[in-house]
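Heads up, the thing below is written out as structure tokens.
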């Protein structure tokens, strides 16, 4: 299956270019595997921080799994809290209609509470208190949003070496809205039995409350105190036996509220059990901690405290101030309207795609305005990550560290370059004057940035060329998109609005004859709110300026201002241009560097022309 994924991804990767996120994340190692897919640790090269990238395979193979993923990504977007894991991004798929896998970028947590408990038998009372405090803070935030997690357990609480905990895995979570009863019932509850509240064992109650999460937190905290699960039941009956062995036989009024006939009969006929004192069960624990634990593990859900009430317990004196603990706004009913209707795979794909766009604001804006193309051919990083994930999956079982594949090219080379008309606003002409010449910065091997002989030998005045802006791509590679995007904007603009290309252009030497290599790339400067400046004609040398123009240039506050000239040859915006460096050098009094600057001005309102060199 992995080989098929590689073959399928090879063709798609040919269409991905550098201005996506393909180079943003550098894969380090596989840190987890499961039926859903793989989790890898990676470095975000933009910020330098470590992240976890979760690859979820075949999202839409089963509708129930797809709904669980949709529910989780939606809730994690809505529940932003320091004690809840954060989704940093979701990678944009290559196709809106046909994508099957998704890549979710999380903040990286080194371990989970299950591993912490298993590996540490020397946790202090301060550890116990801080762990419970963080879990209750997260639970308070969720419950104020009317969200029930329903699957709290140590493996679903991530941990760092600095004792920071974060709740994760909201796939089974549900939202209760104001127009529904305070107690709700969902038939698909399949949470881990060991941390399941007694009212859920055997479907005892037809309805249940957020107190089910409070019970789970109590079970987790007891495991933190002792280092082993509190109620490791092997079946529903065994689970009830373990619970009643510690808590004693429930009250008769509690048993009368049981809806399941068999369960009610089992509890009624159960021999009388007395509760075990918690100080005897947890002899080394803080007495204040045990008093709170006994409240969390009340058999009757009505006797359990809310998370806010638990945070106000004397156990957290000096640590918790309930008034400063954040609360969540209630979630809009429209966010989860999909839970009330029958959905097809295409419906869920559209909903998940909409969630992905929440992490790509410009594309979300286009989607909401209806200007997005139906086929969704935006650049994507999925191909790049698919290759790395597949490589790590195939080699993770071998001995020794797995070295991830490195990207061979910074961008995909092309054999031909096409120009595309991009209508732009008028730009001020920043071409050089006769007193200022443009000097190209030579590369290490003595060639210009385009890979041709350097023109830096031409003398320059004390006032140098306009300040360079770091280019968005290496010289000689494609740094602008040749694909038109809706109303004339580039696809690159939709991703990196702040990216500015290098303020110079490339030209070929006199020996080049291939017409495909005569195209140049003309970078645009930021627009200035001035009157439009007439363009130079490529057939008329810059020497056509008059003495009056020279005076105007000298008196203008902008040292790079080019005076207006008579319009001699209006170029059609649809014309594909190629600048002959030899002709410009012969006709221009500025030399090759000046000719290049004139070429920039000549292309100001014509469009973006891309240049490519083989890698």
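Placement of Cβ uses the backbone N, Cα and C atoms for every residue, glycine included.
DSSP gives residue 151 (active site, proton acceptor) a coil state; it is part of no helix or strand. The active site, proton acceptor annotation in Swiss-Prot covers 151.
Packing around residue 39 (ATP binding site) is summarised by its Cβ count: 20 other Cβ atoms lie within 10 angstroms of its Cβ, all protein chains included. According to Swiss-Prot, the ATP binding site annotation covers 31, 32, 33, 34, 35, 36, 37, 38, 39, 54, on the basis of sequence analysis.
Positions annotated as phosphothreonine by Swiss-Prot, on the basis of similarity to another entry: 187 (among others).
For 192 (among others), the entry in Swiss-Prot reads phosphothreonine, with the evidence type similarity to another entry. Remark: residue 192 (phosphothreonine) has 151, 153 as non-local neighbours, by Cβ distance under 8 Å and separation of at least 6 in sequence.
Annotated region 'Disordered' per Swiss-Prot: 414-483 (among others), in sequence order.
Taken from Swiss-Prot, the feature region 'Disordered' applies to 510-544 (among others).
Of the listed recorded positions 31, 33, 35, 37, 151, the Cβ environment within 10 Å is emptiest of other Cβ atoms at 35.
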